[in-house]
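Chemist: First the structure, which I've put down as structure tokens, then a few questions once you've had a look.
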Amino acid sequence: MPNFTDVTEFTLLGLTCRQELQVLFFVVFLAVYMITLLGNIGMIILISISPQLQSPMYFFLSHLSFADVCFSSNVTPKMLENLLSETKTISYVGCLVQCYFFIAVVHVEVYILAVMAFDRYMAGCNPLLYGSKMSRTVCVRLISVPYVYGFSVSLICTLWTYGLYFCGNFEINHFYCADPPLIQIACGRVHIKEITMIVIAGINFTYSLSVVLISYTLIVVAVLRMRSADGRRKAFSTCGSHLTAVSMFYGTPIFMYLRRPTEESVEQGKMVAVFYTTVIPMLNPMIYSLRNKDVKEAVNKAITKTYVRQ
């Protein structure tokens, strides 16, 4: 029986086998990817050059945008290539690398969202101490935790994936390499890997989501005690955008990973993964900027400076 090291490449079955839809999908997802890059890289640049955006909230937001760029870029280019290719293959090494970065960036993002919730708690519940407690040094330390932890956990998970055995079926029923479809085509004793995947995902999503929920529960209590209606409105507006992003980001991976990888669940997971890997990274810059007065002012100032220089 061949083991995982005997595999040289996998075939990605993708979203559809209908040739007439593949060109349409290519155009749509290419447009989505371009908008994702433009929006998130634009957000990073805007935050770095705008004096009014030099606060912890926007510092963390720039890292969320960076994670979104990494997340989308890990999946979309290969998906676009396979939509126009007849072979639709991915190398063994490429599959492991894609698995590694996918798991890593997912964990980075969920904990960045938790850090952002904690930051909003500090700003809303401890406004007088916010400047001293959330110094630049503290922010750097807080944001380093998701990166170190995410890439460390991903290394362990990917090494476990490396130990899977395959018995001649090298077709992955997905448009990128991920644990659920790989487990589905693996043979031998895969139940330990299944349980490990569910436990790791469950622990991390539960812990990070608990930080978010506790932070926002305390924020709501603090906001309701405010006497100023404008203050309450501003606080809820700022928190609303973050809660929207949290709801979208946590909901889809929970649906994908906290189930046994059956054929039906993998098919459903593909549809969810399209939203998760392409649409959410595109929407995040819009969610955080459309109702944000500071971001709008920064954009207007940046545009004005550009025209003045010309």
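Cβ coordinates are placed from backbone N, Cα and C, and glycine is handled just like the others.
Straight from Swiss-Prot, here's the annotation block:
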{"type": "TOPO_DOM", "residues": "1-23", "note": "topological domain 'Extracellular'"}
{"type": "CARBOHYD", "residues": "Asn3", "note": "N-linked glycosylation site"}
{"type": "TRANSMEM", "residues": "24-44", "note": "transmembrane segment"}
{"type": "TOPO_DOM", "residues": "45-52", "note": "topological domain 'Cytoplasmic'"}
{"type": "TRANSMEM", "residues": "53-73", "note": "transmembrane segment"}
{"type": "TOPO_DOM", "residues": "74-97", "note": "topological domain 'Extracellular'"}
{"type": "DISULFID", "residues": "Cys95-Cys187", "note": "disulfide bond"}
{"type": "TRANSMEM", "residues": "98-118", "note": "transmembrane segment"}
{"type": "TOPO_DOM", "residues": "119-137", "note": "topological domain 'Cytoplasmic'"}
{"type": "TRANSMEM", "residues": "138-158", "note": "transmembrane segment"}
{"type": "TOPO_DOM", "residues": "159-194", "note": "topological domain 'Extracellular'"}
{"type": "TRANSMEM", "residues": "195-215", "note": "transmembrane segment"}
{"type": "TOPO_DOM", "residues": "216-235", "note": "topological domain 'Cytoplasmic'"}
{"type": "TRANSMEM", "residues": "236-256", "note": "transmembrane segment"}
{"type": "TOPO_DOM", "residues": "257-269", "note": "topological domain 'Extracellular'"}
{"type": "TRANSMEM", "residues": "270-290", "note": "transmembrane segment"}
{"type": "TOPO_DOM", "residues": "291-310", "note": "topological domain 'Cytoplasmic'"}
Chemist: Six or more residues out from either end of the topological domain 'Cytoplasmic' (45-52), which same-chain residues have a Cβ under 8 Å from its Cβ atoms?
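Modeler: For the topological domain 'Cytoplasmic' (45-52), the sequence-distant neighbours (Cβ-Cβ under 8 Å, at least 6 residues beyond its ends) are 58-59, 61-62, 294-295, 297-299, 301-302.
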Chemist: I'm a bit unsure how to read this: which one of 24-44, 53-73, 98-118, 195-215, 270-290 has the highest number of Cβ pairs shorter than 8 Å with the transmembrane segment (138-158)?
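Modeler: The stretch with the most contacts is 98-118.
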Chemist: Taking 24-44, 98-118, 270-290 as candidates, which has the most Cβ pairs under 8 Å with the transmembrane segment (195-215)?
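Modeler: It is 98-118 that shares the most Cβ pairs under 8 Å with the transmembrane segment (195-215).
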Chemist: Could you tell me what the rest of the chain brings near the transmembrane segment (270-290), counting residues at least six beyond its ends with Cβ under 8 Å?
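Modeler: 15, 29, 32-33, 35-36, 39-40, 42-43, 61, 64-65, 68-69, 71-72, 75-76, 173-176, 178, 241-242, 244-245, 248-249, 252-253, 255-256, 296, 299.
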Chemist: Average pLDDT across the topological domain 'Cytoplasmic' (291-310)?
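Modeler: Reported value for the topological domain 'Cytoplasmic' (291-310) is a mean pLDDT of 76.
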Chemist: When the number of other CB atoms within 10 A of each residue's CB is tallied over all shown chains, which of the disulfide-bonded residues Cys95, Cys187 has the maximum?
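Modeler: Highest number of other Cβ atoms within 10 Å: Cys95.
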Chemist: Quickly jot the same-chain residues contacting the topological domain 'Extracellular' (74-97) by Cβ under 8 Å, restricted to those at least six beyond its ends, or write none.
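Modeler: Those are 4, 7-15, 22-23, 25-26, 29-30, 32-33, 36, 105, 158, 161-162, 172, 175-177, 182, 277-278, in sequence order.
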Chemist: Determine, from DSSP, whether Cys187 (disulfide bond) sits in helix, strand or coil.
Modeler: strand
